[in-house]
Amino acid sequence: MSYTIEGETGPWELVIGLEVHAQVVSQAKLFSGAATEFGAAPNSQVSFVDAGFPGMLPVPNEECVAQAVRTGLGLNAHINLVSRFDRKNYFYADLPQGYQISQLYHPIVGAGRITVELSDGSTKEIGITRLHLEQDAGKSLHDQDPSRSFIDLNRSGVALMEIVSEPDMRSPEEAGAYLTKLRQILRYLGTCDGNMDEGSMRADVNVSVRKHGEPFRTRCEVKNVNSIRFVMQAVEAEARRQIEVWESGGTVDQETRLFDTARGTTRSMRSKEDAHDYRYFPDPDLPPLVLEEAWVAELKAALPELPDARRDRYMRDFGLSAYDAGVLVLEKETAAFYEEVARGRDPKQAANWVMGDFFAALNRTKRDIADPPVSARQLGALLDLMADGTLSGKLAKEVFEAMVETGEDPGAIVERRGLKQVTDSGAIEAVVDKVLAGNADKVAEYRSGKDKLFGFFVGQTMKAMQGKGNPALVNAVLKAKLG
Amino acid sequence: MSLDPTTVRRIASLARIRLEEQDVARVQGELNGILGWIEQLQAVDTEGVEPLAGGGQGGTQLALRLRADKVTDGGIPDAVLANAPDRAPDREGAFFGVPKVVE
Amino acid sequence: MNPTDFTLAGARAALDERAISAEELTRAHLDAIAALNPRLNAYITVTAEQALAQARASDERIARGEAGPLEGIPLAIKDLFCTKGVRTTAASRILGNFVPPYESTVSGNLLRDGAVFLGKANLDEFAMGSANLTSAFGAVENPWKRAGDPEAKLVPGGSSGGSAAAVAARLALGATATDTGGSIRQPAAFCGIAGIKPTYGRCSRWGIVAFASSLDQAGPVARTVEDCAILLRSMAGFDPKDSTSVDLPVPDFAAACERGVKGLRIGVPREYRLDGMPAEIERLWQQGLDWLREAGAEPVEISLPHTKYALPTYYIVAPAEASSNLARYDGVRFGLRVEQGGDLKDLYERTRAAGFGAEVRRRILIGTYVLSAGYYDAYYLKAQKVRALIRRDFEQAFAEVDAILTPATPSAAFAAGEASDDPVTMYLNDVFTVTANLAGLPGLAVPAGLDAKGLPLGLQVIGQPFDEETVFAVGRAIERAADIRALPAVRAHA
């Protein structure tokens, strides 16, 4: 059964589309040579182009164009070999030129699609309508002075990709899953860092509701939502509001709204006096953007492996379950960590260790994959010590905890604590001899047919060896001596 | 297509040019004079014609040149702010100041 | 000979021969400016100290044998070009005391080649006008007088009226100018000098205050065709900072002036024969064709069928682009701010109402309207399509001819008081010139005769894209044949 919200008049279906603004990873801005770094001193990353000075002209950054193309390819989308930049005209304090350079009529990327995974294990395809390049605006600070707002243009001109989805989502979960998947793809591609708390990714959420089987009703746009959780909350809050409006006999007006994270509700933005009339027209400073097919092919050939492909490979080549593979590819860094641990080793055992003890240690130490308490090399070395019989599974867990605590390599810990398994059969024989001599009665019982006592001899031997006896060797020696 | 006073006021507001009420009629007359004159374009048959967007010769023949992704500019807040009519005091950082904007 | 009477080429030779120093040459021009500018108002800003320092530096380079192609040549710079450290106004109140922290590419090229900048030339506000009547710094007077009427103040044309008047009155050896619909060629014709708008993309627009980006082109005005050629060679060139700048080598335009016109086919567009065209304009045009035929060229009648739609097309495209280009003048980062305790929108509206003059406001409003929701297709998109047709007309014509000859203006200079209050009538001044902007083609105005009252009249040579060389050759042939000796009434050492 699909997701609905129960109103007084029965169930309502949700229709959701997202417009995501993703900041392009690049050194310099879209049309100027100023830096894009986050958190610099105010107006220190501003050229005269970014500040809209007289006579200044835009020259586009090749890498920003390449990043948009890579993203389009990653979204299985059509790349438009000819696109154009347009001006979107409006006045705002942090928009120095009085227009934003964007792409309305001919975007660089056309239709595409991505597959999202839902919590019940099912998947769904979400259509991508288009992706276009545009400039970011500057930043207004309203809380520094009682009577004035301050303008910082550092962000002015930074490249953004606006990624528009089809209205294909039907629940808050699907919206969340779409955004999660989109962010995952962008991060894999390295085209956007996806840091929503730094504003590198923001979503405008289009929501409408309808009764089953109806055409679309009027939608509202909830602007600038800056976390996946808030997107899901905003969808639900806005849908509930609209249902209430419809059910109380009113009509929903198409408008722009804001999500109040503290109250968990949406509210209308101060309606702008000049109902949006952006007077788009082709930017006469910029001839058409024409891409060589060969260049696009080159970018395509150099694309990194994307999460879906990687997940499928883990299942196919490593025999991992869909769930395990899905967890491991969630973050590019985790997948890289896992692959380093698994390289040349048992991939299933590696997966168990990464997802088990390693993830637990990450949680416990409150560290992340970029700065883990145990490196992939160290974890791999631990697995090697188990494989060559140096460590038993039980000892390995002890050693791992010590690694988390000290950051030392497993070999050093084994050495220092003397945890190394005894594999010298002479030494084991000596201990076994002692154990058998001290338990002559039990030996007699065993020999008369009480096979179950074998475990007792193993236990006694291991105890005498403080657990360091190689279990296989201990077994073999006991079998031989007991006859 | 001739402009009524409401449209004249709306256009002036969109363009952020203050228009005093007593000037609306005059401006309306001037704009309508110009618009009436350019109306003759409607007589041209442009069926199937690709619009010429960019600069004359350059427009359709040039493809956009792209610049290398290198930081070559910025780091000049003083020069950027040198002509500002309202520069926020430096203790608060180098900002342009405007009347408070309520969002 | 007065140093201000040199041609640019002549001055270069005199400087190289040490017949005069750059400092003397500059000082002579500064003296002439001091004497005549209060009357002509050709300069908004005179940078005397800087000019003398540049001239002395030129003298040193000349002495060291390192003279550039324009070494020591005193020029006027239209006050639309941003000049580093020197106030740039665009003849508007809205720029206030804006001092650019950068030098435009074109003016930078001239400095690279050794030019001396005397100051910033007056113009129509934001280059919007055809009579230099819209400048916030006052009108410019045309140095020519009607015979027997020394009182009437004639307009110098526009928008580069200050540049043209300064050069005609010998207050500079040459000047930079810009042309969006005729702003180089019309004032050149009104002031009896030469001026060329090169092919769109030939000169960088970087650092020039933008009016209409797809039409704006920088170019020179000077007293001879050859001087224009010398100046253009320095001004032109590929600039990676302007995405519409074209990466082509810059030819030796001066050498092309003497190529002659033998064997050239010269197009005569029948649609330029306007109803009610003054007989003396008609005669001048025919005279020009006769001269060219005598010099070995062959006039060929051609058709440019969409000519009559060029002006209305221009008055959609140019204001639309201007309405967007001029949005940055908002009182926040530079220039004038009018703040009266209101909110940000109030600040914008007061600043822009007080900062822009009537004609600029009018064009911004028209431009805003033609781009606004519901009208874009009917106006802007339609205009772009007609523009494509106008360009196609030229492409077809140039399949048959090497250059096109037309009148430069529909009349000689008029007096300020005779100008119509009706904006559309004023716009008709650009009827012959605006097509070259819409099609991106090079167009040269060259003095070709005088009207019955002794005022200069010009012809226009339009060429194929990036074929300024042929344009110069044709222009020079007309200039030689016309051999005009008349001088403006108001001039240095008159």
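Count begins at 1; order follows the chain as displayed.
Using the three backbone atoms N, Cα and C, a Cβ is placed for every residue, glycine included.
Under the three-state DSSP scheme, C:Lys78 (active site, charge relay system) falls in the strand class. Within its own chain, C:Lys78 (active site, charge relay system) has C:Lys120, C:Ala121, C:Leu123, C:Ser160, C:Gly162, C:Ser163, C:Ala175, C:Thr176, C:Ala177, C:Thr178 as residues 6 or more apart in sequence whose C-beta sits under 8 angstroms from its own. Among the features that TrEMBL reports, active site, charge relay system is placed at C:Lys78 (among others).
Note: C:Ser159 (active site, charge relay system) has non-local neighbours C:Leu123, C:Asp124, C:Ala127, C:Met128, C:Gly129, C:Ser130, C:Asn132, C:Thr178, C:Thr180, C:Ser183, C:Pro187, i.e. same-chain residues 6+ apart with C-beta under 8 A of its own C-beta. Taken from TrEMBL, the feature active site, charge relay system applies to C:Ser159 (among others).
What TrEMBL records for C:Ser183 is active site, acyl-ester intermediate.
What TrEMBL lists as domain 'Amidase' is C:24-471.
With a 10 A radius on its CB, C:Ser183 (active site, acyl-ester intermediate) counts 37 other CB atoms from all the protein chains. Across the residues of the domain 'Amidase' (C:24-471), the predicted structure has a mean pLDDT of 96.
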